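Below is one structure, written out as structure tokens, with a few remarks after it.
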Amino acid sequence: MVQITLPDGSQRQYPGPVTVAEVAQSIGTGLAKAALAGRVTVNDAEPKLVDTSFRIDQDAKLAIVTAKDADGLDLIRHSTAHLLAYAVKSLYPDAQVTIGPVIDNGFYYDFSYKRPFTPEDLQAIEKKMAELARKDEVVTREEWTRDDAVAYFKSIGENYKAEIIASIPSNEKISLYREGEFIDLCRGPHVPSTGKLKVFKLMKLAGAYWRGDSNNEMLQRIYGTAWATKDEQDAYLHMLEEAERRDHRKIGRDLDLFHFQDEGPGLIFWHPKGWTLWQQVEQYMRAVYRDNGYQEVKAPQILDLSLWKKTGHWDNYRENMFTTESENRVYGLKPMNCPGHVQIFNAGLHSYRELPLRYGEFGQCHRNEPSGSLHGMMRVRGFTQDDGHIFCTEDQLQDECADFTALLQKVYRDFGFTEVLYKVATRPEKRIGSDEIWDKAETALMESLRRTGCEFEISPGEGAFYGPKIEYTLKDAIGRHWQCGTIQVDFSMPVRLGAEYVDQNDQRRAPVMLHRAILGSLERFIGMLIENHAGAMPPWLAPVQAVVCCISEPSAEYAAKITQSLKKQGFRVQADLRGEKITRKIREHSLQKVPYILVVGDKEAQNGTVAVRGLGGLDLGAIPFDDFVARLNEDVASRRNVVQPDSKAV
């Protein structure tokens, strides 16, 4: 007798071993049809994701996985990657298959083939995939010995697959999945039949080196996406279109903010308007430092290699570091700011009464990222971090983390991000420090989030070897997630670099160090800002807050006068005194995403008014100039993120 416990706590008895599919069928035909896999738990072990054909031969807990579950969607995508390989082999028998994992929102599969695939090939492959899916062929799992599997794949000319299998220990069973005439290596699980794969689309072609090594053959990578429903896929494709429209690289060029060029790969050439935007972000964060007990510091750009060896960076990060030599000494260009802050802490002896001690820096860092990974401002080689480090005692951890989270939430709101996801990464197997210290640190992080009303996920084992951390992920205007801020507990670096304070018993102790950043890379954050706002920066951030346009030459003097008045009050304003038609001026400045366009003619000059237009179709008509000044002051003071038709709106 086998007893199956379902997620609602109900139990079902079966006379003998039973498959996941049979359990689903016994519950109802609807569930049986929707079942993609099962999540089985035996004897309180970790749940195991299995095929619907998996036979349960002892008492267990079982959850039926359908397309509505996150695991179900991953299963669909993984199985669609295999369907892609099946279709490619059907159309191009000489192609060799390699690997095909699930990635965010889809999957890819790498192939070796004698000629490059074309967009027309992609269309043919997708059509073949749909044909194979309609055949609804059963997907079956088979277990082979390693040597038999290697021999088989060599015999059919699949040398890459044979190489992968040969690297698996000889005593391990190899699982293969067969659908129709196609068989592939995979741990599984997979959908029960190809007919479960109804909604998919091939997206693009790219190159990828075998095993990520540039000395190996360049393979052809086909990317695809797959979804449970057509509505979900349509929403995703619409999001991609919107993301392309908002691409910060295009907007940066169109709005004359910055550019990139081959002579400085991964580095940014800031234009005047772009640098003005940068300065607004930096000045805002500088005020955040000042108002929240941080002391701003500045550490050197390059430091002797001996220091990077002490911190462990040279052993673990040297491939990403730039180095230089002078007078027979080797220096490392800093990839991060923390070692410099410890040196500043170590420059004097600190009492426990001085803690927590908070340092902040707009630290310029350089990392030798692979050229293929560079992506506009989102992945660069030179960047500036709003980096901060807090030196505190173990007892101060929770308060510091709670205060930081509350501060971070306010900063994100001011920049227009209202949805934040929270994740706590806990102790890995390899770590330093006692379990007691880890317990205390992890509890402090979780309690700090609870105190600030945050729901959070736990990522077991994803903390660094030197301490747990909280990751803060932003959700932007089109639903994308951006991992941004972090606060990381560090038990290691203070000890490695000899940081000490004197406790209440006159004993020297190593402080706990908290690495924290709110924006992270300012370059990346500004790229996110541009895309979140589609280039239409709110008035408090906009490089140009208003443009004053004269309708004709007689009103040019008044336009120049009020422009000067606004500039003297600290606003970023330009005058457009050209002899162009006013409709052309308005259109040009609207395309430049200027928050306010002030139109003035003879009537406005006589009455001391301005006709106010703005983003989003705003048209206030003619209002007193002083009223506009008050409105703009309110926009800046409140950091209002949308130009509102009603000046009283927030």
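Counting begins at 1 with the first residue displayed.
For all residues, glycine too, the Cβ spot is worked out from N, Cα and C.
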Looking at Swiss-Prot, His389, His515 are annotated for Zn(2+). Which of Cys186, Cys338, Cys454 sits in that same site? Cys338
Which of the three DSSP-derived classes (helix, strand, coil) applies to Cys338 (Zn(2+) binding site)? helix
Determine the most Cβ-crowded residue among the binding-site residues His389, His515, using a 10 Å radius around each Cβ and all protein chains in the structure. His389
Provide the number of Cβ atoms within 10 Å of the Cβ of Cys338 (Zn(2+) binding site), excluding the reference atom itself. 23
Using the Cβ center of Cys338, His389, His515 as the Zn(2+) site position, which other residues in that chain lie within 8 Å, going by their Cβ? Met336, Asn337, His341, Val342, Asp387, Gly388, Gln488, Asp490, Met493, Met513, Leu514, Arg516
The domain 'TGS' (1-66), counted residue by residue under DSSP: helix, strand, coil: 14 helix, 26 strand, 26 coil
